[in-house]
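Shown next, in structure tokens, is the structure this report addresses.
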Amino acid sequence: MGGENVVGYEREVEEEEEEREMEMVVAHGSPQQQMKLVVVGYALTSKKTKSFLQPKLVGLARNKGILFVAIDQSRPLSDQGPFDIVLHKLSGSKWSCILEDYRQTHPHVAVLDPPDAIQQVYNRQYMLEDVADLNLSDSYGKVGVPRQLVIEKDPSSISDAVDKAGLSLPLVAKPLVAKSHELSLAYDMASLQKLEPPLVLQEFINHGGVLFKVFIVGEAVKVVRRFSLPDVSKRELSNNAGVFHFPRVSCVAASAEEADLDPSVGELPPRPLLERLARELRRKLGLRLFNLDIIREHGTKDRYYVIDINYFPGYGKMPEYEHIFTDFLLSLMKQK
């Protein structure tokens, strides 16, 4: 775990920003002279560090009195800091235990987010249960989840299990552990045995080839359009067989923000519906940093499905993420 996550890049960011921040604080006559620094300790993979701690975020944070400091996993966490906030996205039971112990002994530190809450959305068997339990329906629309089936082993039994569950083809197959964005689309029953458990099978819902990524940062909600898998007609279903693999849905095509889309496909879900959904899921999941992949059933105006939930997603791709995120970090300090 340690080798990939603590690399030269993080150390350079930490040392450079710490020097600059210290200069800012002690500078005579500086408007930030009396500003108390908000120290954010971060434990991220090297890939996540590069995508998230972009210069525009680090620079804006510095101007607002926020200092990002890399956590050294080779040293006890309680010996580092002191931190006001701990930001992390690492896996493994060892790290979870370290962080849970730290939370117990440092209750004044905001940990984003609790390890046990994160584990809930890493398992696709349970990920969408909270959405289904909400049974959210109001004048703005109805939000549900696709029917799904968990297959833990024995590919030869998948066809019988699908038939017994009454699921309809085509089926989307996703790894049971949500640390991979790969997915497959199975067109016929015979091909199901080619899949590799453990996995989750979800009924594919035609949605006009567009999904909505709903980013949640505390109480802030930001939604963007993304192209998705195209619709599958009955004719295509009868004329195709096999399993088609995709590295991730977002790799099928790029942003759909500037595309000339039919309003029935491209219109964003109603803001009040998204805000209510985000508010309810923040409470039920116990998370403050996550996103939802939402689709609208093609041919309907207000029938939505949550098909995936991701903890600490790629915020670097979210418009104005540096402003939203720094405002969120400062709001945590006001709540103390």
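Each position is counted from 1, following the chain as shown.
Keep in mind that glycine also has a Cβ here, set from the backbone N, Cα and C atoms.
TrEMBL: automatically predicted annotations, no manual curation.
Quantities reported herein were computed from a predicted structural model and do not represent experimental measurements.
Mapped onto DSSP helix, strand and coil, the domain 'Inositol-tetrakisphosphate 1-kinase N-terminal' (39-118) counts 36 helix, 19 strand, 25 coil. Annotation source TrEMBL lists domain 'Inositol-tetrakisphosphate 1-kinase N-terminal' at 39-118.
Listed in sequence order, Ser51 are the same-chain residues six or more apart from Gly314 (1D-myo-inositol 1,3,4-trisphosphate binding site) with CB atoms under 8 A from its CB. Per TrEMBL, the feature 1D-myo-inositol 1,3,4-trisphosphate binding site maps to Lys48, Lys89, His181, Lys213, Asn310, Gly314.
For Ser228 (ATP binding site), other Cβ atoms within 10 Å of its Cβ number 20. Sequence annotations record features per position, and here TrEMBL assigns ATP binding site to Arg124, Lys174, 202-213, Ser228.
According to TrEMBL, the feature domain 'Inositol 1,3,4-trisphosphate 5/6-kinase ATP-grasp' maps to 138-330.
Sequence annotations record features per position, and here TrEMBL assigns Mg(2+) 1 binding site to Asp293, Asp308. All protein chains considered, the CB of Asp308 (Mg(2+) 1 binding site) has 23 other CB atoms within 10 Å.
Summarising the annotation, TrEMBL assigns Mg(2+) 2 binding site to Asp308, Asn310.
Comparing Cα positions, Phe212 (ATP binding site) lies closest to Asp293 out of the binding-site residues Lys89, His181, Asp293, Asp308, Asn310. Annotated pair Asp308 (Mg(2+) 1 binding site) and Asn206 (ATP binding site), C-alpha to C-alpha distance, rounded: 16 Å.
When the Cα of Lys213 (1D-myo-inositol 1,3,4-trisphosphate binding site) is compared against those of the binding-site residues Gln202, Phe204, Ser228, the shortest separation belongs to Ser228. In sequence order, the binding-site residues near Lys89 (1D-myo-inositol 1,3,4-trisphosphate binding site) (Cα within 10 Å of its Cα) amount to none of Phe204, Asn206, Gly208, Val210, Ser228, Asp293. Counted over all residue pairs in Lys48, Lys89, His181, Lys213, Asn310, Gly314, the record's binders of 1D-myo-inositol 1,3,4-trisphosphate, the longest Cα to Cα distance measures 20 angstrom.
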